[in-house]
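> Pulled these from Swiss-Prot:
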BINDING   R129, D179, R207  carbohydrate binding site
BINDING   I307, A308, G309, N310, R311, D338, H371, E394, D395, L506, N507  UDP-N-acetyl-alpha-D-glucosamine binding site
BINDING   D395, H500  Mn(2+) binding site
DISULFID  C254-C281  disulfide bond
DISULFID  C269-C279  disulfide bond
DISULFID  C421-C490  disulfide bond
DISULFID  C562-C596  disulfide bond
DOMAIN    97-258  domain 'GG-type lectin'
MOD_RES   S7  phosphoserine
REGION    68-96  region 'Disordered'
REGION    637-660  region 'Disordered'
TOPO_DOM  1-37  topological domain 'Cytoplasmic'
TRANSMEM  38-58  transmembrane segment
Amino acid sequence: MDDWKPSPLIKPFGARKKRSWYLTWKYKLTNQRALRRFCQTGAVLFLLVTVIVNIKLILDTRRAISEANEDPEPEQDYDEALGRLEPPRRRGSGPRRVLDVEVYSSRSKVYVAVDGTTVLEDEAREQGRGIHVIVLNQATGHVMAKRVFDTYSPHEDEAMVLFLNMVAPGRVLICTVKDEGSFHLKDTAKALLRSLGSQAGPALGWRDTWAFVGRKGGPVFGEKHSKSPALSSWGDPVLLKTDVPLSSAEEAECHWADTELNRRRRRFCSKVEGYGSVCSCKDPTPIEFSPDPLPDNKVLNVPVAVIAGNRPNYLYRMLRSLLSAQGVSPQMITVFIDGYYEEPMDVVALFGLRGIQHTPISIKNARVSQHYKASLTATFNLFPEAKFAVVLEEDLDIAVDFFSFLSQSIHLLEEDDSLYCISAWNDQGYEHTAEDPALLYRVETMPGLGWVLRRSLYKEELEPKWPTPEKLWDWDMWMRMPEQRRGRECIIPDVSRSYHFGIVGLNMNGYFHEAYFKKHKFNTVPGVQLRNVDSLKKEAYEVEVHRLLSEAEVLDHSKNPCEDSFLPDTEGHTYVAFIRMEKDDDFTTWTQLAKCLHIWDLDVRGNHRGLWRLFRKKNHFLMVGVPASPYSVKKPPSVTPIFLEPPPKEEGAPGAPEQT
């Protein structure tokens, strides 16, 4: 053994080392896979058991149903038991047919719930001020009308009186105040609330809260009122809970003859309220009109686009006047509604007209602008052969000779490329400044409010660059910009053929309407023959203006133009005055003159090359801006142009009233 030596080919013996990390990981992974397979197998077995149990339950259920069908006795027992149960309070029969009504009034929130269903909830900031009114069907309890009247603002109480008077007797009325509803609640409105049985409504004070439920012409079901303790605070919130008994269906329905017109009327009157005699059971007002045809009607096949939103009572009034106008073609009318509102479409269906709804795009001014674009595009797509389109809005009254006015003047748009549009509206045509329904003007502004648009202008110029949805622009102000108008003018009448009656809208309220729209003159004379229509073409109009200026009597420029004595007490004369206007955009004196004449003064409208035309004391009155107007050459050398300096601005002057 002493001479033994280890073989150099054999690896020396050493102690066993620890397993490597790789082998450890591989071992654990193998165990995890085994565990996963075990879990999967268990899940499959569980699913199989579940399926077997479900199949057994289905078979047992079918067998039970089969046995029940063979023995009718259990069904009879069930029916007897069901008959002993109390029916649902809203739809059941018998003396328990009542509605549970909750009405809440407070400074910042109102809500109304009927049988646990909220039918009104308004807690938006700076919106919904005034008296909210809901009308329920007395037989079914469903909501027939929802309105809000901002009786803090002028004339909204008149709108509320009109609405409540047009609600049929027997309907359930619910009233509630948000924020403030008394400031312009006049005696007529208070007397009406008193006639409805309200005790607190006629005594409603500054910032009081009030809730009321009653039947028109019937009993009051509940009323709550909280007075404001001080001018700077509001009344406490009030919550009125009351039961309203339902009437029979017989009491809520009218029995008209079964005609196509009355079927339309019945569908309408069963759903909505506030439309007066159209739903009268005894003597309903007509919903079909037969105005005299218009001889040689040049606009018979011109499409009419009515731009509408969610103001159905406005739309109803507008469509009645439109369908009563001589020369109207109902099949050419399309009402475009911005949003999927039911009631405006109900109004459209009542009159048997075409209505199109679309999804609103954008917000505020941009939403209105996109609505106009979509409506104009759709109009020309619906009538691909039409060269023109008449554009109206839902808050306009239409004169009886509206289509006659357009028929006599529309050829000017075809023959004179210097024209932008024909409008039925005169921005400066007030009761004291408009006189001659046969007289037309050319003006540099686009008045809108009932106008004719040329297809080529829209498709080639306006549509491709119409303001996009992110631009919060007014569509009409955009159309008046020099880039769009490009020196072209519009034809307007001295006496407007449309009347803007709407006092609720994006850019409208009672104060604004009172100041700038209420006293506009509106033609009511049928069959007016327009005078010297072809003299409105570009070159001919210049000849006419120079003739008028040459014949006009120059007024005494030493007198105050704002005084009534500035014009003599005559009738049928033509007078001219010259005012300072240093350059084309210098309207300092004109703006002050417009203010004292109580006409449109918010921007410059109704002018033609520095010339304004209107009537005062039934005399034709012309005003020329010197030296900017080319008609300045008519100024006698001895006459000094009138200059009216604007008053200094008062610091901290209050603006228009907002939410209280």
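Each residue, glycine too, has its Cβ placed from N, Cα and C.
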> Measuring Cα to Cα, how many angstrom lie between R129 (carbohydrate binding site) and I307 (UDP-N-acetyl-alpha-D-glucosamine binding site)?
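Taking the Cα atoms only, R129 (carbohydrate binding site) lies 26 Å from I307 (UDP-N-acetyl-alpha-D-glucosamine binding site).
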> Taking only C-alpha atoms and a 10 A limit, tell me which of C254, I307, C421, N507, C562 are near C279 (disulfide bond). These are the recorded positions.
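Those close enough are C254.
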> Can you figure out which of G309, R311, H371, C490, C596 (the recorded positions) comes closest in space to D179 (carbohydrate binding site), comparing Cα atoms?
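Going through G309, R311, H371, C490, C596 one by one, the Cα closest to that of D179 (carbohydrate binding site) is R311.
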> Over all pairs within R129, D179, R207, the annotated carbohydrate binders, what is the largest Cα to Cα distance, rounded to whole Å?
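Taking every pair of listed residues, the largest Cα separation comes to 11 Å.
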> Within 10 Å of the Cβ of C596 (disulfide bond), how many other Cβ atoms can you find? Include all protein chains, please.
13
> Have a look at the binding-site residues G309, R311, H371 and say which one has the shortest Cα distance to C269 (disulfide bond).
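Checking each of G309, R311, H371 against C269 (disulfide bond), the shortest Cα distance is to R311.
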> Including all protein chains displayed, how many Cβ atoms other than that of I307 (UDP-N-acetyl-alpha-D-glucosamine binding site) lie within 10 Å of its Cβ?
21
> Would you mind reading off the Cα separation of D395 (UDP-N-acetyl-alpha-D-glucosamine binding site) from H500 (Mn(2+) binding site), to the nearest angstrom?
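About 6 Å separates the two Cα atoms.
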> So how many other Cβ atoms are close to C421 (disulfide bond), meaning within 10 Å of its Cβ?
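A 10 Å sphere around the Cβ of C421 (disulfide bond) contains 22 other Cβ atoms.
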> For C254 (disulfide bond), which of the recorded positions R207, G309, C490, N507, C562 has the nearest Cα in space?
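Answer for the nearest of the recorded positions: G309.
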> Taking the Cβ of G309 (UDP-N-acetyl-alpha-D-glucosamine binding site) as the centre, count every other Cβ atom within 10 Å, in any protein chain shown.
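22, counting other Cβ atoms within 10 Å of G309 (UDP-N-acetyl-alpha-D-glucosamine binding site).
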> Do you know the mean pLDDT across the topological domain 'Cytoplasmic' (1-37)?
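Value for the topological domain 'Cytoplasmic' (1-37), mean pLDDT as a whole number: 53.
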> Among the disulfide-bonded residues listed here (C254, C279, C281, C490), identify the one with the smallest other-Cβ count within 10 Å.
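Relative to the other disulfide-bonded residues in C254, C279, C281, C490, C281 has the fewest Cβ atoms within 10 Å.
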> Can you give me the Cα-Cα distance between H371 (UDP-N-acetyl-alpha-D-glucosamine binding site) and R207 (carbohydrate binding site) in Å, rounded to a whole number?
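Taking the Cα atoms only, H371 (UDP-N-acetyl-alpha-D-glucosamine binding site) lies 37 Å from R207 (carbohydrate binding site).
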> Counting only residues 6+ apart in the same chain, whose Cβ is under 8 Å from the Cβ of C562 (disulfide bond)?
L593, C596, L597, L644
> If you draw a 10 Å sphere around the Cβ of D179 (carbohydrate binding site), how many other Cβ atoms fall inside it, taking every protein chain shown into account?
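D179 (carbohydrate binding site) is surrounded by 22 other Cβ atoms within 10 Å.
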